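Undergrad: Okay, here's the structure, questions in a sec.
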Amino acid sequence: LKTEIQTPVAHSGSKVTIVGVGQVGMACAFSIMTQGIASELTLIDVMEDKLKGELMDMQHGLAFLGNIKMTAGSDYALSAGSKLCIVTAGARQREGESRLNLVQRNADILKGMIPKLVQHSPDTILLIVSNPVDLMTYVAWKLSGLPKERVIGSGTNLDSSRFRFLLSERFNVAPNSTHGWIIGEHGDSSVPVWSGVNVAGVRLRDLNPTAGTDADTENWGQIHTQVVQSAYEIIRLKGYTSWAIGLSVSILTKAILKNSRNVFAVSTFVQGIHGVEQPVFLSVPCVVGENGITDVIQQTLTEGERNQLQKSAATLNEVQINLVL
């Protein structure tokens, strides 16, 4: 069939490993595969049969796409040489379980993953998706021994996308032409930066100075309420969230592998930023490239926005200091 001229290159430098093949992990894998972002994709989980089935199902579609090398298994040695390791695995909250207990259970799960990933790929970047993502990113950083700029949480990248979509519905323009950021904790205490919401540089606050406040008669603040509640609503309706977080992770993956230096709201070490005193990970707009986070964008926040961010940091730190690592 062919005459070999030279030995093919074994590794291309754009290998991605995903740990956890639940709904979120597979949505991440599918988004990365269909966009041709990585040349090699490895799936790791303890569920051997599900792994084999997911791998076969995806491989059978490769004739419709580019030639992506795909492997799967429970052995972390398969992850060797990964430019990026994405962690989606974690426990779900039990009925009546405290947040701290859930955090500790997920921290214990990461103890069995992070050191193995770094052992086989010492130059990797870690992208943490497991919830509560800000705390899990801190845990992964502590367990990995990697520089903080190479441990990234998916953070409020998805929250910001939800925010832009809902704003775009009000503005009647495309979501990617609507500019707005959600920062802070991924979850109920996230901070909408109303002072920066704009379309083509025209700020919402210049048109409505009370937008997002209790005094706002146009009720723009309802949009942030919808952002916070949307995950709960989707889970109520279909049982889990998957597609949007998969797309969020895939665009972060693309930024890292292609060194695009795009700006995303991702969870990073924020001590010393916007008056945060605690050693915590929270989301702020960051420049993302092939060596992880290179810069943090110095947003101009209102006093209220800064206070909300600092309050989130204090709340996270209270949980963090009680973790056993």
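Keep in mind that glycine also has a Cβ here, set from the backbone N, Cα and C atoms.
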Undergrad: According to TrEMBL, G20, V21, G22, Q23, V24, G25, D45, V129, S130, N131 bind NAD(+); which of N67, N106 is also listed for that site?
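TA: For the NAD(+) site that includes G20, V21, G22, Q23, V24, G25, D45, V129, S130, N131, TrEMBL also lists N106.
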Undergrad: C-alpha of G22 (NAD(+) binding site) to C-alpha of H186 (active site, proton acceptor): distance in Å?
TA: 20
Undergrad: Out of these binding-site residues, V24, V129, which one has the fewest other C-beta atoms within 10 Å of its own C-beta?
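TA: V24, out of the binding-site residues V24, V129, has the fewest neighbouring Cβ atoms within 10 Å.
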Undergrad: Would you mind pulling the DSSP three-state label for V24 (NAD(+) binding site)?
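TA: In three-state terms, V24 (NAD(+) binding site) counts as helix.
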Undergrad: If you measure D45 (NAD(+) binding site) to H186 (active site, proton acceptor) at Cα, how many Å is it?
TA: 25
Undergrad: To the nearest Å, how far is the Cα of G20 (NAD(+) binding site) from the Cα of H186 (active site, proton acceptor)?
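TA: The separation of the Cα atoms works out to 20 Å.
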